[in-house]
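Colleague: Have a look at the structure that comes next, please.
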Amino acid sequence: KPRAQCSANCPTGFRKASKPGTQSCCYGCAQCSEGEISNVTDSESCIKCPDMEWPNEQRNQCVAKTEEFLSYTNDVISIFLPSLSVVLYLCTVLILAIFIKYRDSPIVRANNRSLSFLLLVSIKLSFLSVFLFLGRPVDITCMLRIITFGITFSIAVSSLLAKTIMVCVAFKATKPGSSWRKWLGVKLSNSVVLFCSSIQIIICMTWLAISPPFQELDIHTSPGTIIIQCNEGSAIGFYSVIGYMGLLAAVSFVLAFLARSLPDSFNEAKYITFSMLLFCSVWITMIPAYLSTKGKNTVCVEIFAILTSSAGLLASIFLPKCYIILYRPEMNTRTFVFANKI
């Protein structure tokens, strides 16, 4: 039986495509291109989906794109990282409680306890800042993320810098008739922390005033997916915060390295040297990883850097002293501390 047409109907999801060398009434069918649909048979052309939508598998209907961000529960990594943060936070609370309980013991007193308490509090806050990186990013969390970790880490590193400076000053003050003795005490250490932290706060406030971070929807990197992430706003602001933090760490490392062999009564510079070396290594490694990732992978890199560097400070500075306080009390004496530079 003769057919009235020379081509089969094109189903939805396809469009008509002319066949070379055939009559105009004869055509083939071509599937709609990526990002396009056709929802009628024998469609002459395909329709492009809106930016926030994507074709279904049949390419006959536009559906909402999948949103991608580091949620609290959808991924194993998003459960592991905050769980690790909570564990490390509780460890910090425990160490702080030990230092408060034994605050009058020689090892704590010789360790500049006010700076130790400040350092522990800043490490606690850095562990808690991880939760700002989880969940759907919005403008306010984007601003709080970088500001919170930038300021808390600056306080932590400033505390270590102040500790190192006090070691150097204490050594200078031991010489007869030294004018350095007037600098001994909490005023100098508090001034160092306040001054160094204030510079970071000024950098952060300037960044927020000029071009703050904001929520960004990336619809081009991954087809069918909206990557919800934070845009730094001003790259100069972002790298200024990171750069200043790195500068503080570098200065602390150099001073601690030079002071590590001073015959001071209590010289913890060797611990500060190691902690700053670890801190700098983590953040130097983090920068290329940060630049080469997108979306939730970038967030994982940031969280990993925060947890690793904070845990490094906690372990390097405080665990040796906690071990002596709890398990070697015979070493926690004024005579032993002054003789052995623990």
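Glycine is no exception: its Cβ is also placed from the backbone N, Cα and C atoms.
Model, not experiment: these values are computed from the prediction.
In case it helps, TrEMBL gives these features for our protein:
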{"type": "DOMAIN", "residues": "77-341", "note": "domain 'G-protein coupled receptors family 3 profile'"}
{"type": "TRANSMEM", "residues": "79-102", "note": "transmembrane segment"}
{"type": "TRANSMEM", "residues": "114-134", "note": "transmembrane segment"}
{"type": "TRANSMEM", "residues": "146-171", "note": "transmembrane segment"}
{"type": "TRANSMEM", "residues": "192-210", "note": "transmembrane segment"}
{"type": "TRANSMEM", "residues": "241-259", "note": "transmembrane segment"}
{"type": "TRANSMEM", "residues": "271-291", "note": "transmembrane segment"}
{"type": "TRANSMEM", "residues": "303-326", "note": "transmembrane segment"}
Colleague: Same-chain Cβ contacts of the transmembrane segment (271-291) under 8 Å, 6 or more residues past its ends?
Modeller: 157, 160, 163-164, 242, 245-246, 249-250, 252-253, 256-257, 260, 298, 301-302, 304-305, 308-309, 312-313, 316-317, 320
Colleague: Near the transmembrane segment (114-134), which residues from the same chain, at least 6 beyond its ends, have a CB less than 8 A from one of its CBs?
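Modeller: The answer is 70-72, 78, 81-82, 85-86, 88-89, 92-93, 95-96, 99-100, 108, 141, 144-145, 148-149, 152-153, 155-156, 159-160, 162-163, 166, 186, 189-190, 193, 299, 302-303, 306-307, 310, 313-314, 317-318.
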